[in-house]
Structures are given as structure tokens and as C-alpha cells.
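Single-structure report; data block below.
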Amino acid sequence: MTELKNDRYLRALLRQPVDVTPVWMMRQAGRYLPEYKATRAQAGDFMSLCKNAELACEVTLQPLRRYPLDAAILFSDILTVPDAMGLGLYFEAGEGPRFTSPVTCKADVDKLPIPDPEDELGYVMNAVRTIRRELKGEVPLIGFSGSPWTLATYMVEGGSSKAFTVIKKMMYADPQALHALLDKLAKSVTLYLNAQIKAGAQAVMIFDTWGGVLTGRDYQQFSLYYMHKIVDGLLRENDGRRVPVTLFTKGGGQWLEAMAETGCDALGLDWTTDIADARRRVGNKVALQGNMDPSMLYAPPARIEEEVASILAGFGHGEGHVFNLGHGIHQDVPPEHAGVFVEAVHRLSAPYHL
């Protein structure tokens, strides 16, 4: 078993005792850091940065040099899987990700390959191996993927969407086609995450960014069902240690009980969910991650500390809390404010673990 100098994050996910509440930030390697912008400029564009193992490793490590974070997260993108299926991913200035060949019908789904993670997605595994080597056992490395539903929204809409009318039209008019796509994505994501674990990821997270746009019934059928399939198929132990799995549905606060039944180890919470309420509902079954509003990092340091204290008090004493933002850090947040946040979590949480 690889010895970790700091395993707080893994211990908290398994609801084991820790000295202070562990903390990391979604999108902690990102555009709010000047050093990230410099490395991205060196790479040329975003996907070139993802596909260069040395540069992906560099940006993964950048926030850890600035802040005493308790975990590193692989620098990559959720759209690597659809890209590897041949949909032609590109980035439009001001528009975000687009696909040249969106999925429009069952025939399109049937033509999609299930990517080999060590072949078409080998660059991701190279990045995982490189990061693990360079971390030198300081903190654990988190691997991740998008959820089948969230990946499908991009693949069917042809890119980002606000109303999700194209995929909802498929969902209601041709549910068979959408289920076929989601099933293929669930198989692909299971292989992809297991390959990340074998390459060295010590925990994994499934990001269901767009699950919250569904009705409760549709969420169960079209999102949660497929995440459950993935959890069932994941390697849960590697290198002599349990590999914890976190599910995060943005806007999914009303479905925590159902999410906790999947067999995952932890649930990510966005900032619209009260953490005390979440702990009452599912804290005996899973750990909780979250959940400060990312926009709070625009506030003065004293206000950030006040919010950290409030969330810590909401969760209360005992184990099973990983502090995080409720979604990704915004690109124009002052880096010093992120530092205030991380330091406050460690300092203010100690009394909750006595």
C-alpha cells in the first residue's frame, strides 16, 4: 500500500476520524490562477493542455503549491469520453464546447464506439500516472468523469445548453434512443474510471452537472439509474485501500436519499442545500462534500471566514465532512481569497474533531 503523508480526504469520505476537516476546491486548477493562464498559453489551447501529461500534471499541482489542500484532482475535462467516441469536440470562443457530429437518433447511438481507456483515452491515464509520481504521496489524487446524463446533454444538444429542449425532446419522443445512449455511456464511464483507478487515482467522483434540470421521476430513470450502474461496476479497492466514490448532482438536493442508496461513499452538495438538513437525512449512510457558494469568494476575508464557520456548525461534530465549494471556483476570484478559505476550514474545524 502506498503511504500517504496526508490521507484526511480519504478518511473523511469513509467517515473515519480526522484531526481537521479536509478541504479541496472544484476547479482548483483553473483560470483564477495566473500560473494556470501561463501554462495554458504555453499549451496553445485547452484540449492540448489536457492531452499533454506533463502540462496537465503541472496545472494539477499548481494550487497545491499555493494552498495546503487535502487532495489533488486530475486536470482534465468531462467531455474527453464523448470526444473519444468521435463526435469532434471543439471550443468556440465565448460559446464553450461544441461537437461537429451531435447524436440525433438511435442509428447515431449504434455507431458510437465504447472507447478503450488505454488507447483513445491513454493521454488521461498518462496524466494520472505522471501526477501520482509527482505528488510523491503528499495527498491523494481524485479521478473523475461526467455522468451519463450530463455527457448525453452535450452529445445530443451539440454543446452547452440553457433549456435542454433537444435532449428532452429525445427523452420524451424517443426514450429508447436515449436509454441506448445512456447505457453505452455508463459502460464507457465505468471502464474509464476503472482505468483511472488502475493508473493511480485514489478516489473518484462522478459529476452530474445537469441532473437538476430533470423532474424527480426522470432523474431516477435517466440519470441516477445509470450512475448506480457505474458505482456497481467500479473497482472499490486498489493498492490495499478502499477507493471512495462521490456522486454530485448539481441541483439534486431533493434526491439525496435516493443517491445515498447507490452504494457510493459520499454525496457532493451544491450551495442551495442546507448541510445540517442533508446530514440529518443521509449522514448515517454517506459522507458529505461541500458546500459554500463559490461566489462567497468575492467577499472580504472576514465574511468568507464567517461562512466557513456557519457551514462547519451546520454539519456539526464528528466525521464524514469534506469541505468544498458548492460548484467550481469562478475565474475572476482573487487567489488570496481562496487561501483565506482553505486556511479558515483547517483552523476553524479543529474543535469539531476533538
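Cβ coordinates are placed from backbone N, Cα and C, and glycine is handled just like the others.
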Next on the checklist: Quick check on the annotation: Swiss-Prot has Arg27, Gln28, Ala29, Gly30, Arg31, Asp77, Tyr154, His327 binding substrate, so which of Thr104, Thr190, Thr209, Thr273 does it put in that site too?
Outcome noted: Thr209
Item to check | Distance [Cα-Cα, Å, rounded] between His327 (substrate binding site) and Asp77 (site 'Transition state stabilizer') | outcome: 15
Item to check | Three-class DSSP secondary structure - Tyr154 (substrate binding site) | outcome: helix
